[in-house]
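Scroll down for the structure; my scribbles are underneath it.
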Amino acid sequence: MSQKYVIGNWKLNPATLSDAIALATSLNNSKDQGCTVGVVPALVHLSAVKNALADGIILGVQDITHKTADIGAFTGDVSACQVAKMGAGFTLIGHSERRQHHGETEEILSAKINHALTCGLSVIYCIGESQDEHERGETFRTLKNQLTVLESFAQSSTRTDSTDIAKFIIAYEPVWAIGTGLTPTPDDIEKTHRFIKDELSAFGMTAPILYGGSVNDKNAPQFAKSELIDGVLVGGASLKSEHFNAIIDAFANPSNPSK
């Protein structure tokens with residue numbers, strides 16, 4: 001069975017530093033689980049969360065600037081090399097909220113990927129179709145277009161020096177499922193993940209494929225049993241330690257008959 005990942009994207013949460021530290025500390029018993037556990041805190045909490053996390057839990061950031069890999073006159077931006085030096089091992093790129101609210105184009109996403117690789121960060125590249133695209137039956141066409149940005153990086157899709165995380169991970173997050181409580185069926189997710197796998201293979205790339213979008217402690221056991229779902233990118237449920245730990249347990253023990 002492939003390596004499984006459970007990654008919590010905290011977005012612009014929690015409200016206070018003490019809450020972030022408490023949330024990070026609550027995950028420390030998961031470090032010895034049979035899957036790779038990671039968190040993506042708000043940038044202002046990154047250093048404190050790093051210090052609170054046990055060894056073995058991977059740490060990422062939600063965004064990096066496309067302007068430069070290192071330093072420069074870019075007010076308000078944060079670079080890949082800066083966050084790498086702070087202890088981040090990976091970055092999200094292409095999340096639908098970034099695409100929607102910040103107008104991120106393929107050119108911007110490509111620059112971010114290049115900077116991440118230059119600075120030794122792994123990339124969790126997020127893709128997904130909108131509600132309208134889903135209803136029009138355009139899911140695969142949308143995903144194909146979003147994946148083309150990775151083609152020029154196919155030769156870089158090897159593992160990092162660390163065995164904790166792949167150089168590239170794909171997170172399939174249908175936009176209509178994020179924060180709505182709606183999810184595709186496991187069968188539909190598997191079909192989509194198979195399509196993504198085939199598209200990557202067409203330009204010589206392999207990568208774990210995660211599912212994201214209203215993942216919770218109730219549906220995670222179903223997802224964990226699929227050989228085509230290499231893990232999950234968790235939003236709201238990652239902010240409740242008991243729920244997130246239950247999701248971790250589901251992927252660490254997918255054959256547990258109690259699930």
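Note: Cβ is positioned from N, Cα and C throughout, glycine not excepted.
All TrEMBL annotations are machine predictions without curation.
In TrEMBL this protein carries:
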- HIS95: active site, electrophile (ACT_SITE)
- GLU173: active site, proton acceptor (ACT_SITE)
- ASN9, TRP10, LYS11, GLY179, SER214, GLY235, GLY236: substrate binding site (BINDING)
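Packing around GLY236 (substrate binding site) is summarised by its Cβ count: 19 other Cβ atoms lie within 10 angstroms of its Cβ, all protein chains included.
Within the same chain, the residues at least 6 positions away from TRP10 (substrate binding site) whose Cβ sits under 8 Å from its Cβ are ALA20, LEU23, VAL39, VAL40, PRO41, ALA42, HIS45, SER238, LEU239, listed in sequence order. Ranking the binding-site residues GLY179, GLY235 by other CB atoms within 10 A of the CB puts GLY179 at the bottom. Within the set of recorded positions ASN9, HIS95, GLY235, the entry lying nearest in space to GLU173 (active site, proton acceptor) is HIS95 (CA atoms). A Cα-Cα distance of 15 Å separates SER214 (substrate binding site) from HIS95 (active site, electrophile). Across the residues annotated as binding substrate (ASN9, TRP10, LYS11, GLY179, SER214, GLY235, GLY236), the two Cα atoms farthest apart lie 14 Å from each other.
For the recorded positions listed here (LYS11, HIS95), the lowest count of other CB atoms within 10 A around the CB belongs to LYS11.
Look at the binding-site residues ASN9, SER214 and count other Cβ atoms within 10 Å of each Cβ; SER214 has the fewest. ASN9 (substrate binding site) is 11 Å away from HIS95 (active site, electrophile) when you measure Cα to Cα. The DSSP secondary structure for LYS11 (substrate binding site) is coil.
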